[in-house]
Amino acid sequence: MGEWLANPDNWSGSRGIPMRIIEHLGYVGLTMLFAMLIAVPLGMYVGHTGKGRVLIVSGIGILRALPTLGMVFLFALLFSRGVLPAVWALVLLAVPPVLSGVYSGIASVNSTVVDAARSMGLTEWQILSRVEVPNGLQVMLGGVRAGVLQVVATATVVAYAKADGLGVFLVEGTQVNDNGRLFGGAVVIAVVAVAVDGIMALLQRFAISPGLRAARPAARSEKESGRQEAVASAQGGTT
């Protein structure tokens, strides 16, 4: 594995590791674009109106149970070979965490805050865009982050439908019984997944409004002081 990673030939050309990383991330980006176009509007609608909650929860469970590699082969048989069958299979993998995160983020906003905004005369769209989305953004981005991480780790299936991406190293390593290429490719995929997750964590942190970030520690400190007062009063009552 170390010899394969240290070989400069594996880091250059159209079949080198950098180019494979670019291809891999391209498929991840395309997948997340389609997944978010589906999941974000649907999650906002369900979270805001409360309609279709049971259907959404059931649908999320069904999609999570689908085997990704099996869906790649199914789409390849039904449509054509190439990258699209793999991308659509990955979209089915990415939609559940994104949809769950968006729905949960919108639904987690305090109903008192929403009612106050409605009593001030805000329209439903204004309530959604100005109140619910900013307050639920951290949970929503958590769902997107989970979806991205799953797709980064699973996008290797593209190599089974089209010889592109980091999955090529796993497929070729298995075919020719080259353990160095196989495990080296797995290490590269793991490093890319960790790096992407770190970037998403930073985006999740800095995308939150500074006012909301400042309010959360204050709320936690108030809860902690309340617990301490309750404990102190309980101890005083027993003495």
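Using N, Cα and C of the backbone, Cβ positions are placed for all residues, glycine too.
The feature domain 'ABC transmembrane type-1' is assigned by TrEMBL to 21-204.
Marked as region 'Disordered' by TrEMBL: 218-239.
Look at TrEMBL and you will find 25-48 (among others) tagged as transmembrane segment.
Under the heading transmembrane segment, TrEMBL lists 54-79 (among others). Away from its own ends, the transmembrane segment (54-79) comes close to residues 42-43, 46, 85-86, 88-90, 92-93, 95-96, 99-100, 103, 154, 157, 160-161 of its chain (Cβ-Cβ under 8 Å, at least six residues beyond either end).
Outside the transmembrane segment (86-106), and at least 6 residues removed from its termini, the chain residues within Cβ reach (under 8 Å) are 27, 30-32, 34-36, 38-40, 42-44, 46-48, 53, 56, 60, 63-64, 66, 68-69, 71-72, 74-75, 128, 132-133, 136-144, 146-148, 150-151, 154-155, 157-158, 160-162. Marked as transmembrane segment by TrEMBL: 86-106 (among others).
Residues or ranges marked as transmembrane segment in TrEMBL: 182-203 (among others).
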